[in-house]
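Record features (TrEMBL):
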- 49-69: transmembrane segment (TRANSMEM)
- 81-98: transmembrane segment (TRANSMEM)
- 157-178: transmembrane segment (TRANSMEM)
- 232-254: transmembrane segment (TRANSMEM)
- 266-283: transmembrane segment (TRANSMEM)
- 325-347: transmembrane segment (TRANSMEM)
- 353-375: transmembrane segment (TRANSMEM)
- 387-409: transmembrane segment (TRANSMEM)
- 415-433: transmembrane segment (TRANSMEM)
Amino acid sequence: MVNDVKNSTSTNKKNPKLTLLPLIALIFYEVSGGPFGVEDSVKAGGGPLLALLGFVIFALIWSIPEALITAELATSFPENGGYVIWISSAFGPFWGFQEGFWKWFSGVMDNALYPVLFLDYLKHSLPVFNHLVARIPALLGITVSLTYLNYRGLHIVGSSAVLLASFSLFPFVVMAILSIPRIRPRQWIVVDFNKVEWRGYFNTMFWNLNYWDKVSTLAGEVEDPSRTFRNALLAGVVLVVSFYIIPLLAATGALKSDPSEWSDGYFAEAGMLIGGVWLKWWIQAAAAMSNMGLFEAEMSSDAFQLLGMSEMGMLPSIFASRSKYGTPTISILCSATGVIILSWMSFQEILEFLNFLYSVGMLLEFAAFIKLRIVKPDLRRPYKVPFQTFGATAICLPPALLLIFVMYLASLKTYIVSGSVIILGLFLYPAIVHAKEKNWCHFISTDEPLGHSNDILEDQSAATELDQVVADEASLSLLGHSKKVEDSETLSQEMSALD
């Protein structure tokens, strides 16, 4: 076990950590990737008005609260595993495991969308991809190629995300400029409530503005996470919302297209009508590149989440094994296999299933955020949401109601599929505990067995501020994180500073 920790530490030192700009790009791709896929919001909303209002209102009541909570908890627990650690701290490892399983399954479903969207944009110019004979090999080829890029290193993924984001967004800046002489503001307020399809509208809005917490699973790979996470999430919110609203304002204001024409890939057609064929091809190429970035970001988060769970003793140690590039090889292969299996499903089916599972997990995260504020008020929080406990609880209420509403709108098929996944998780946890107790496979040793609750350390009444730092650091080790040499050095520096 000591060798495992040494190897992991050595690997981390060889591979550079994520800095601010690559982290912003990864957050951008975890959440958005650009306006590709928002076209359905115009169609489902019966016109531009609800789509434009939706991206403003949903950002206020959903994206900003989720980003703030993520910033506080990710900087409090800057380790791989993210929300699994938060839930385990608040409610114990059983619910931490359930959260990890739901979010991982939801993430794999989400990642299965991007090769599909990639081909949906290309088929407008290359109709051959409408046929399964060409579509299936293309899906497999895309998945395998992008999985290999993820294997080569997280810093490569982060740098690639910066370049991909720049290339993917620039054509929409050009389209917005070219559309200015043709814009008629009255077209923005068009809505036909008889044609509004509320289930599709809410699912599209929710999907395009969620997953702010996903990047927390990479916290252990970020340089100076206490400062970097806060700044990256703030920049990410501005970037995502801006590049939803600006292209919608340009295309809906300049064109008199019927809302029924707005489906996946329509921005390419809008680009042709506004700027010409060259802009259509540019947007299609940008869509292809964007879906590569989306796939890479999601794959990284899913894989490092499994790695974090393995380091906590929740999964066999094989999931924590790293390649020479510092990437979790088996965790990447496991996530890629799930993507391939789920790629046969339709876009709307995947969207509804992953939204339901994600909603369940987010409700648990909000509950953990509130509980940690109550039972652990002195937890070291490098960034803290600027509200006391009552105010912090209040900002969770609107997004929690939205989550419940999204779940309420789900179809019977979604209830059955998502319910089956939840039930599987309930049985999978005791099965893993049993395998660990019987030594059927190797697990990373932790300070407490997986099957026991991980109580947060109680503060002693005579504890000094220095003791509090030590207690908070120790609370992480109770979640199964082996203390590495650099952790000890960082803690020593903090103690010297406090002295």
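Heads up, the Cβ atoms here are built off N, Cα and C, so glycines get one too.
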Which of 157-178, 232-254, 325-347, 387-409 contacts the transmembrane segment (266-283) most, counting Cβ pairs under 8 Å: 157-178
Of 49-69, 157-178, 232-254, 353-375, 415-433, whichever stretch has the most CB pairs under 8 A to the transmembrane segment (387-409): 353-375
Long-range Cβ neighbours of the transmembrane segment (157-178) (under 8 Å; 6 or more residues past either end): 18-19, 21-23, 25-26, 28-29, 33-36, 149-150, 243, 246-247, 249-251, 267, 270-271, 274-275, 279, 282-283, 285-287, 289-290, 292-293, 296-297, 300
